[in-house]
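Record features (TrEMBL):
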type	residues	note
COMPBIAS	256-268	compositional bias 'Polar residues'
COMPBIAS	269-285	compositional bias 'Low complexity'
COMPBIAS	298-308	compositional bias 'Polar residues'
DOMAIN	38-545	domain 'Major facilitator superfamily (MFS) profile'
REGION	1-26	region 'Disordered'
REGION	244-317	region 'Disordered'
TRANSMEM	39-64	transmembrane segment
TRANSMEM	76-98	transmembrane segment
TRANSMEM	110-128	transmembrane segment
TRANSMEM	168-189	transmembrane segment
TRANSMEM	209-231	transmembrane segment
TRANSMEM	322-343	transmembrane segment
TRANSMEM	367-387	transmembrane segment
TRANSMEM	407-427	transmembrane segment
TRANSMEM	447-474	transmembrane segment
TRANSMEM	494-515	transmembrane segment
TRANSMEM	527-544	transmembrane segment
C-alpha cells in the first residue's frame, strides 16, 4: 500500500549498512504512531514531580536564611546545598529497589506510590520552621521517590525504534515544562503575606509559614496526579515476554546484522504493532504481544498443549548480564554529566540571590523565579519538532555530544554577568551594600543584563534538551533485553541521585569558599562555574568511546526477530 507523503521516512537502518553516524542515508520505514492516550497520561502524572522539585529553587536560599542556621551569611549557600542534597541522599538509598520492584509488581503501582510520597513530603516541607524539619521532609521525599527511572521504563515499553526519539523527547519536555511552572509558583507565591499584603496580609497561616502556599499547590498537583493516574494509567510491564538477554559481545554488532533474518515488510509490521499495550486480565483470550502480529498464533499452540497453565513470568537478567561493557561506558558518561548539571542547577539560584559585591546578581525570589521560567517556553518547540527530526537524521549520540558542547560556553560566560549587574545597580543600593540589589530599570546596563542572561539561558536550554533526551534514548538502546529496562533505568537514576547528592554540597562548598577568599580569576566567584565547564568537557571525551550503534535498540530488534522465527 502506498504511504502518504507525510508518513514517508528514510528506510530502517537495519536494511543497509550503517554510516559513520550509525544512521543510514536510505529511506527509513514509516514512523509508528505513538499511543498518545497512555503517553499523555504518563506526562500528566510525571509533570507534578519536576514542578515540585524546581518549585523550591527560587526561595530555598531565603528559607535557609530565615532559619538562622548559618552564623556567617556567606555560609548560607553551604546549608542550602546540604538541604538540596538530602533529597538525593535518600533517593540514592532506594532508587534501585523501586526499579527492581517495578520489574516485579509493575510500573503503575510504583509510580502511584512515588506520587503519594511527593504529596506528603511537600506539605511537611512547607510547614517547616527549622532547618532540621525541612531536612526530614526532603528525606521522606527522596526515600519514597523512584519515579524517574520507572517513567523511562514505561516510555521504552510504549515505543519502538521508529518513534523512540519522539516518545523519549516527551520526558525532558515534561521536566522542562515543570521547570517553567515550578519556579514561577515558588518565586511568585513564596512569602505571600510580604509580597501581597493586600491579599494575604493578616492571615496567620501564611505569616507563620511563609513558604507553605507554593508547597500546598505542589501537593495539590501531586494529589491530582495520583487520582488521574489511578483511573487512566495502564500497566505496560509485559509478563509474557520471556526472551533471553542480548549477549554483551553481540550488543554493538547486532544492529548491523538484523537484516539477515527479516524482510523490510516484517520490520515495518513489527514496529507498527509495538505500541499496543499488553492485556492485564488473566481471562483475556488470546494475549496479544505488543511487539509482533505472529505471537497470538504461537501462544494459541502453547495454550492448546498446556491447558490453563500460565507462562512463568520472566526474571530480569542477572546483574552481570545487565552491566555489559557498553552499558558501563554509557553510565560513566552519564555520571560526569549528572554531576556537572546538578552543580550548575543548584548554584544558579544561590549565585543569583548572592550580593553583587561577591559576584552574584542580588536578585529576589520573584526575579529568580522569572529568570528560571522565562526561556522555558522554547522547550516545547525544541522537544516536539527540533530534537526528533535532528535525532532521526544524525543519531542520538551525535545530539548528545553537540548538547555537551553548547553547555561549556554557558558556564564560562555566565559569571561575568555580575559585572553588568553592578553597572545596573542604583547608586543608593551600591552605597549601602544591600544584600538584595535595587536596579535602575531605565539604564542600558539593566537591559543588557537581562538580554545577555536570556541568551545564555537559551543556550543552556538547547544543550539540556539535546543531552537529557539523548542520554535517555542511549541508555534504553544499550539495554541487553527489554526485561532489564527497569533495573537499568534504576541504575541510571541511582547515578543521577548520587550526583544530585554530591552536586549541591559541592556547589555550596565551592561557592562559599570562593567568596570567602580573595582568590584571583578563575578561582574567584567563577570557580564553581569553571569547575562545571571542565566536567562537561570530560563528559565529551568520555562520550567519544561510545559507538554509533547505540542509535538503535539492538536488543529489541533481536527479540522481535526471535518471535517472528518462533523461538
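Glycine residues also receive a Cβ, built from the backbone N, Cα and C atoms like all the rest.
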- Paired segments the transmembrane segment (209-231) and the transmembrane segment (527-544) in contact, 3+ CB pairs under 8 A: no
- Would you kindly list the residues that approach the transmembrane segment (110-128) from elsewhere in its chain, counting only those six or more residues past its ends and only Cβ-Cβ distances under 8 Å? 45, 48-49, 52, 56, 63, 98, 101-102, 134, 136-138, 140-141, 143-147, 150-151, 154, 209, 211-216, 218-219, 222-223, 225-226, 229-230, 233
- Message: Need a quick answer: max count of Cβ pairs under 8 Å to the transmembrane segment (76-98), which of 168-189, 322-343, 367-387, 407-427, 494-515 is it?
- Response: 494-515
- Can you tell me the mean pLDDT for the domain 'Major facilitator superfamily (MFS) profile' (38-545)? 78
- With a Cβ cut-off under 8 Å, give me the same-chain residues at least six positions beyond the ends of the transmembrane segment (168-189) that come close to it. 39, 42-43, 46-59, 151-152, 155, 159, 195, 213-214, 217-218, 365-370, 372-373, 376-377, 379-380, 383-384, 387-388, 391, 461, 464-465, 468-469, 472-473, 476
- Item | Long-range neighbours of the transmembrane segment (322-343), counting only residues six or more past its ends (CB under 8 A) | 88, 245, 248, 251-252, 316, 404, 407, 464, 467, 471, 474-475, 478-480, 484, 487-488, 491-492, 495-496, 499-500, 502-504, 506-507, 510, 528, 531-532, 535-536, 538-539, 542-543, 545-547, 550
- For the transmembrane segment (39-64), what are the same-chain contacts with Cβ under 8 Å, counting residues 6+ beyond its ends? 70, 76-77, 79-80, 83-84, 111, 114-115, 118, 122, 125, 128, 131, 134, 145, 147-148, 151, 154-155, 158, 167, 170-171, 173-179, 181-183, 185-187, 190-191, 211, 214-215, 218-219, 221-222, 224-225, 228-229, 232-234, 345, 348-350, 353, 365-366, 368-369, 372
